[in-house]
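Below is one structure; the comments refer to it alone.
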Amino acid sequence: MHNDFNLLILSGPSGAGKSTLTKYLQEKIPKTHFSLSTTTRKPREGEVDGLHYNFVSEEEFKQGIEKGQFLEWAIVHNHYYGTSKIPVEKALKEGKIVIFDIDVQGHEILKKHYPNACSVFISTKNQEILKERLLLRGTDSKETIEKRLINAYKEMQCLESFDYLIINEDLEKSKEIILSIAKTLVHRLKAFNFEKICKAWKNETL
């Protein structure tokens, strides 16, 4: 397995702002790879297959499970979601920072595969703000939104398993915080080859 210190997991309720912050990181840090999730749900307005998600049928997804193509997968709101293995391993080999936008279930599984991954939980200040955002998004029925709020509260119970928490109340401030977290990944001491660094320092070639 390749260096897993370059993994950044963003998780939290739908509507908290994970996608916005992920896009911001991709704009600010050139050497990144966004792990595109595969899902069986229908595309929302404006979503493009291969850009926002890999949209597949339930049959195709189940075939992927049988073939061991996913690092993790889960059923969320009656739809399958999963993280493909090969693109992630390729990006790590190339030394890129790999960014995940996944739910709490996926976070728990990924941390078993990549224990050194850095994880950030992103949330709103309270459930009323989250509800307002979901209503404004206009992609879910009121019944679905209520289910999302119930699920969001369950996810909040898992906060202790994350490294960082961002209350996304001020978007510009949240952008600053997530960027500072991402930048620290390339300087985490455990990610370096100490023997190589020491030899290079002694030979004055570093």
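Any Cβ shown, glycine's included, is placed from N, Cα and C.
Here's what Swiss-Prot has on this protein:
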BINDING   Gly12, Pro13, Ser14, Gly15, Ala16, Gly17, Lys18, Ser19  ATP binding site
DOMAIN    5-183  domain 'Guanylate kinase-like'
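A C-beta separation below 8 Å, combined with a sequence spacing of at least six in one chain, links Pro13 (ATP binding site) to Ser123, Thr124, Leu130, Arg148, Asn151, Ala152, Glu155, Met156.
Ser19 (ATP binding site) falls within a helical segment according to DSSP. Taking the binding-site residues Ser14, Ser19 in turn, the residue surrounded by the fewest other Cβ atoms inside 10 Å of its Cβ turns out to be Ser19. The C-beta environment of Gly17 (ATP binding site), restricted to residues of the same chain at least 6 apart in sequence and closer than 8 Å, consists of Ile122, Thr124, Asn168, Leu171, Ser174. The number of other Cβ atoms within 10 Å of the Cβ belonging to Lys18 (ATP binding site), over all protein chains shown, comes to 25. Here the binding-site residues are Gly12, Gly15, and the one with the most other Cβ atoms within 10 Å of its Cβ is Gly12.
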